[in-house]
Every structure is written in C-alpha cells, then in structure tokens.
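As given in TrEMBL:
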type     : residues : note
TRANSMEM : 7-26     : transmembrane segment
TRANSMEM : 46-69    : transmembrane segment
TRANSMEM : 81-100   : transmembrane segment
TRANSMEM : 106-127  : transmembrane segment
TRANSMEM : 139-165  : transmembrane segment
TRANSMEM : 171-193  : transmembrane segment
TRANSMEM : 233-251  : transmembrane segment
TRANSMEM : 271-293  : transmembrane segment
TRANSMEM : 300-321  : transmembrane segment
TRANSMEM : 327-349  : transmembrane segment
TRANSMEM : 414-437  : transmembrane segment
TRANSMEM : 443-466  : transmembrane segment
Amino acid sequence: MADRTMAHWRVLAAVGMMNWGVYFIYDMPASLSTPLSKHLSFSDHQTAYLVSLLYSVYSVPNTVLPFFAATAVQRFGERTLLIGIVSSIALGQLLFALAVQTKIELGMIIGRAFIGLGGEVVAVIGCEIITRWFQHNRLSLALAINLCLARFGSVSNSIIIPILIEPYGVVTVTWLATLLSLGMPIIGLISLLTTPDPATEADETLLTPENPDTNLPAKPISAISSLRHFPRVFWHLAIICLLSYSCINTFTNSAQRLLATRFYDGDQAAAGEAVSILFMLSGFLVPPFGFLLDTLDSRGYPHALITSNALLCLAHGIFLTCSVSSPVVPLCLLGAADALLGVAFWGSVTRCLLSFASQSHLEPQPHVISNCSTSYKDEPDRLLSGGLDTTAVSIEEVANPGILPMHGEAIRTLGLGIMTSLMNICTTIVPLFLAVVENAEGFMGLEVVFLTLAFLGCVVCVRLAWTWEL
C-alpha cells in the first residue's frame with residue numbers, strides 16, 4: 001500500500017516537472033525581450049513584433065491540437081505520444097537557442113512552432129494521468145499542486161533570467177535556461193516511463209478481443225461523433241471556460257500599462273512589481289484551495305466557481321469606478337479569483353468526465369459479445385495508467401466501429417483537450433478584440449468588457465450550480 005501511495009506522488013511530481021519546464025519555456029521570449037533587442041540591434045517596434053510573433057506561432061496551433069489529443073493517444077499510445085511531444089519541445093527549444101546565438105529570427109520562429117506542437121498537449125495528457133491516478137483520493141489537491149508547479153515555471157523564468165542576463169549575456173543565459181527548462185520535462189518523462197504499473201491490482205479491464213479468432217479490429221474512436229454524448233454540465237463548463245478565462249487571462253496583457261497610467265504616473269517598473277502580486281497569489285493559493293475543495297462534497301465545485309467569478313466582478317468593479325488610490329486590493333482579489341478558478345474549474349471538468357465515463361461504462365449494453373476482455377499486459381504502450389477502464393460492445397456497435405463507445409481514458413483526454421483548446425482560443429482571439437476596444441474607448445472600455453465577462457460567467461456558474469448532479 002505504501003509503495004502504491006508513493007507511486008501516486010511520484011507520478012504527480014513527474015507531471016509537475018514536465019509542466020514546470022513547458023511554462024518556463026513558454027515565457028522565455030518576454031523575459032529575453034529587452035536583451036534580445038540589443039543583441040539583434042532591433043528597434044522597440046521590431047522587438048515588439050518579433051515577441052508577439054514568437055507567442056503567436058506557439059498559441060495558434062494549440063487552439064486546435066489539444067482537441068485531437070484523445071485520437072492521438074488512441075492511435076499511437078500514451079507513451080509514444082509523450083515521447084514524441086517532449087522530443088518536439090526539446091528540438092524546438094534547442095533550435096530557438098541556436099537561432100538566438102546566430103541571430104536568425106526565422107530560426108527562433110520555427111523553434112517556437114515546434115514547441116507549440118507539444119506544449120499544450122503535454123498539459124492535457126498530464127492532467128488525464130493525474131486524474132487517473134488520483135480519481136479516488138485527493139484529486140483536487142493533486143490537480144492544484146500540478147497547476148501550482150506549472151505557474152511557478154513562469155514565475156521562475158521571470159526571476160532567474162533577469163538575474164543572469166547582466167553578468168552572463170543573452171546568449172549564455174539562453175543556453176543555460178534551455179538546459180534547465182529541458183532537463184525538467186526529460187526527467188519527468190523518464191520517471192513516468194519507469195513508474196511501475198499497478199494495473200494488475202485494478203478491478204476494471206479495457207475491452208478488446210481476447211480471442212484472435214473473433215478478429216475485431218481496434219480502431220480509433222471518432223472524437224467528433226462522441227461530442228453529442230457529453231453531458232450538459234460539460235457544456236456549461238465550456239461556456240464558463242470561454243467567459244472566465246477571457247476575463248482573467250487577457251487582463252494581464254494590459255494590466256501593466258493600465259496600472260502605470262492610473263496609479264504610478266507612467267512608471268512601468270513599479271506597475272510590473274504590482275502585477276506580480278496577482279501572479280504570486282494565484283500560485284501560492286492554489287494548493288490550499290485544492291485541499292479545501294477535497295474536504296467539501298461535490299456541490300463545492302460550482303459554488304467555488306461562483307465565488308471566483310464574483311471576485312472577478314468585484315475587482316474589475318473597483319478598477320472601473322476608480323474607488324481606490326492603490327491597485328493592491330483589486331490585484332489581491334484577482335489573484336485569489338485566478339487561483340480559485342483554476343482549481344475549481346479543472347476539478348469540475350475532471351469530476352464531470354469521471355462521472356460521465358463511469359455512467360457510460362456501467363450502463364448495460366444489449367447483445368454483449370462473450371470472451372471480449374484483455375488486460376494492459378497485452379498493450380504495453382498503455383502502462384502509464386493508474387487504473388483500467390471497462391465497457392461492453394454490442395453486435396451493432398462492432399458492425400459500425402465509428403459508434404463504439406469511448407473508454408474512460410479517451411473520454412477524459414477528449415474533454416480536457418476541448419477545454420484546453422477553448423482556453424487557448426480565448427487567449428489568442430480575445431486580445432484582438434480588446435485591442436480594438438482599447439483604441440476606441442481606452443482602459444475604461446477594457447474594464448467594462450472585463451466586468452461584463454465576469455458577470456456573465458457568474459450567471460452561468462449559478463445556472464451550473466442549479467443543474468449540478470455529480
């Protein structure tokens with residue numbers, strides 16, 4: 001029992017290390033922007049364009065790729081896919097570092113594109129692995145710790161790189177940061193691949209033909225055809241994802257300029273330090289909120305979502321009315337809201353998917369084919385699981401493989417991929433709309449948009465609480 005418990009925390013640490021490295025890499029262009037400008041002899045306008053492009057080539061593919069994570073896992077297996085995406089991230093970051101050294105902007109862009117091919121898919125698969133291993137105990141806390149480690153990857157980047165830039169220069173620091181950031185995902189991947197599989201002690205089995213004479217091919221499930229089976233609660237959460245993350249994630253794009261203009265007489269450095277309050281609080285508060293949600297019953301999740309959106313409303317209401325002389329209070333409210341939203345939202349999504357997968361597997365199916373069972377020992381590429389899934393196949397379903405019910409792992413990966421894609425759509429498209437609003441109405445117009453999004457998110461969360469039956 002002790003070994004199994006340690007294996008759970010080992011898996012959590014490994015996934016957290018992978019996410020720490022990916023988030024560290026993600027924010028590298030922002031931390032390097034000023035020294036990179038001098039290194040390339042770029043103007044401020046050229047640097048701003050290059051940094052925006054480096055983020056865009058990462059983000060745009062991830063509006064779509066996470067959606068297909070479930071199909072990729074089914075087709076290639078979890079181990080193969082993880083090795084492939086970590087290799088893509090490593091190749092991309094090495095190419096980026098080499099391009100910085102040789103002053104080739106196109107190489108930096110191509111490197112970031114390779115990183116983008118795997119960055120968000122790592123998060124999707126990692127979240128599914130954690131859900132599988134912790135689904136019966138401390139799931140919210142485990143997801144919160146994973147989220148905390150990922151966010152501190154960004155925080156570590158913003159602390160380490162500025163300290164090293166002055167004594168060592170941009171090229172050396174880029175290589176040092178590359179080695180540090182790639183070391184963590186590689187160690188995490190090796191740890192996952194070498195973690196003993198407790199599947200032999202599980203009480204569920206994955207349904208595939210045991211008798212080779214039955215000749216029933218294992219085909220990937222169509223993700224598109226499976227969407228219509230997802231419960232209404234899932235789509236409520238999808239709307240919350242669009243509204244809430246459009247509010248909190250895009251605020252940081254204009255936060256420093258807003259605070260510098262309104263509170264610090266144009267002092268960007270002071271405004272940047274103030275914005276760090278939001279990031280630090282949202283990181284430190286995640287584990288306590290995860291622990292708290294684990295102590296509550298399932299009704300605590302929608303109530304936590306209501307509270308997080310109410311805090312967003314309060315914070316942006318304060319900014320809109322200019323009722324304070326310091327931004328500290330609303331920034332603290334935003335930090336708490338961000339932490340609570342991250343824990344409650346992803347906890348709600350995983351609980352919804354676990355409940356849906358369980359109902360799908362336990363409902364009786366007509367005309368069940370006998371002798372159709374196997375264990376993971378026959379599928380060594382899927383040994384990362386902390387538990388196995390069960391289902392049954394009807395004769396009609398075998399005749400039409402496209403309508404085969406998805407097993408639990410695929411359901412969870414598909415659902416998490418959808419939410420990740422939606423979140424990336426928010427952070428990619430909404431800022432374009434906000435730029436138009438800022439040019440037309442200034443910062444007051446932005447706050448009206450943020451307050452509207454937070455209020456609508458709160459309304460949808462109330463509706464979710466009304467229909468929550470997990």
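Using N, Cα and C of the backbone, Cβ positions are placed for all residues, glycine too.
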Checklist line | Contact check, the transmembrane segment (139-165) vs the transmembrane segment (414-437), 3+ Cβ pairs under 8 Å, seq sep 6+ | finding: no
Check: Is the count of Cβ pairs under 8 Å between the transmembrane segment (7-26) and the transmembrane segment (233-251), pairs 6 or more apart in sequence, 3 or more?
Finding: no
Notebook entry, point to check: Going through 171-193, 233-251, 271-293, 443-466 one by one, which has the most CB pairs that fall under 8 Å from the transmembrane segment (300-321)?
Noted result: 443-466
Next item on the list: Counting only CB pairs under 8 A, let me know which of 233-251, 327-349, 414-437 has the most with the transmembrane segment (46-69).
Entry: 414-437
Notebook entry, point to check: What parts of the chain pack near the transmembrane segment (443-466), using Cβ distances under 8 Å and only residues at least 6 beyond its ends?
Noted result: 233, 236-237, 239-240, 243-244, 246-247, 251, 254, 257-258, 261-262, 299, 302-303, 305-306, 309-310, 312-313, 316-317, 319-320, 433-434, 437
Check: Can you say which of 233-251, 327-349, 414-437 has the most Cβ pairs under 8 Å with the transmembrane segment (271-293)?
Finding: 327-349
